[in-house]
Amino acid sequence: MFSKAFLSAALLGAAAVEGHMMMAQPVPYGKDTLNNSPLAADGSDFPCKLRSNTYQVTEENTAAIGQSMPLSFIGSAVHGGGSCQVSLTTDREPTKDSKWIVIKSIEGGCPANVDGNLSGGPTSTGASKFTYTIPEGIEPGKYTLAWTWFNRIGNREMYMNCAPLTVTGSSSKRDEVPKEKTVEKRSANFPPMFVANVNGCTTKEGVDIRFPNPGSIVEYAGDKSNLAAEGSQACTGTPTFGGDGNTAGSSGSSGSSSGSSSGGSSSSAAGSGATAPPAPAVSSTLVPKPSQSSAPGVFVPTGSPAQPTHTSAPSGGSSSGSGSSSGSNSGSSSGSSSSSSSSSSSGALTGSCSSEGTWNCIGGSSFQRCANGQWTAVQQMATGTECTAGQASNLKIKATNLKPRMLHEMRHRKRNYHNHA
């Protein structure tokens with residue numbers, strides 16, 4: 001009798017000649033020249049499967065903030081599913097240096113929850129259909145959307161299709177596609193996109209990976225038994241590029257932070273012990289600024305620190321953990337950092353803080369924030385900007401004088417941006 005693994009491998013081999021998968025909706029850039037193969041293993045066509053006329057706009061996709069939009073695929077070689085992300089950049093012709101922010105992660109069952117491949121060949125539309133939503137905190141403007149996929153079975157690959165997207169302001173109730181079935185909402189934040197299998201960091205075969213920084217919206221569409229163990233590494237090796245999204249936040253992924261549960265990550269039938277993977281450490285809202293005043297791909301911090309909200313957990317077996325949550329937050333606002341905070345020689349603060357929402361600008365070139373009772377990791381200011389040093393309730397940002405070479409590069413990028421917008 002053949003094993004399940006053998007049958008899965010046989011199905012994958014039989015479908016190898018049928019190609020792989022492509023994004024159908026939103027309509028990708030250069031649809032006529034896009035093929036269904038993964039990115040090159042050496043990363044030479046990252047991002048967006050670089051080729052001739054990569055960023056030709058076949059059809060401009062439009063989405064309003066808060067509107068649920070379809071995410072669908074064409075093809076049958078789903079390689080046992082896997083995990084996917086939906087990300088945005090303000091660059092309309094992204095490069096390896098572009099900054100991507102994650103607006104949704106799908107851990108397991110993407111693009112389909114099967115053991116091998118689907119039938120139907122490269123024109124099949126039988127893969128699962130998902131949705132994504134442009135969240136609050138994203139400004140109206142022109143973006144590039146990326147769908148990335150890390151397959152569970154087969155060669156270690158990364159798939160990436162990109163699409164032009166115009167984001168409009170939110171509106172009243174409208175016709176929307178159905179909402180996600182099992183979605184985990186976390187503190188509002190937009191972490192960097194995960195990159196692997198093209199940069200020296202390799203994912204493990206046979207599991208649906210958990211993303212180190214999955215972001216605010218996480219959907220679980222696969223079998224719990226296929227999901228990687230909580231706290232496990234998503235990939236091994238040192239990434240040569242795109243490694244910003246490959247490291248978990250300082251809160252870690254062990255589930256030991258306040259408000260997490262020890263034990264399993266599924267909810268019990270009785271409703272107690274429901275737990276969720278931990279939220280990333282940096283919880284201040286990051287807002288993309290696609291305006292002409294800043295270079296494409298720059299994201300400027302703004303808004304108030306968001307509080308984590310757990311609305312659901314992966315479906316499956318009962319949880320072995322207690323599911324207890326301290327639920328406590330520091331409510332005091334003294335205007336200065338807590339005495340338990342420690343300061344480094346660079347001016348960065350670590351540890352707990354009581355001045356919730358306070359910004360700490362370090363030498364004008366980097367910043368951090370008191371969020372959820374802890375100082376966040378230090379982040380660098382965007383090129384061409386600086387902040388006013390010290391602690392304050394608002395982060396004061398101003399433009400700086402740029403070197404002629406930097407100004408030339410920014411103007412060149414802006415010209416390209418508007419020519420293709």
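Glycine is treated like the rest: Cβ placed from N, Cα and C.
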Candidate set Asn35, Asn117, annotation N-linked glycosylation site, source Swiss-Prot, matching residue: Asn117
Residue among Cys162, Cys201 that, according to Swiss-Prot, closes a disulfide with Cys235: Cys201
Per Swiss-Prot, cysteine bonded by disulfide to Cys162 (from Cys48, Cys84, Cys110): Cys48
By Cα-Cα distance, the member of binding-site residues His20, His79, Glu93 nearest Asn117 (N-linked glycosylation site): His79
Per-residue Cβ crowding (10 Å cut-off), top of binding-site residues His20, His79: His79
Per-residue Cβ crowding (10 Å cut-off), top of recorded positions Glu93, Asn117: Asn117
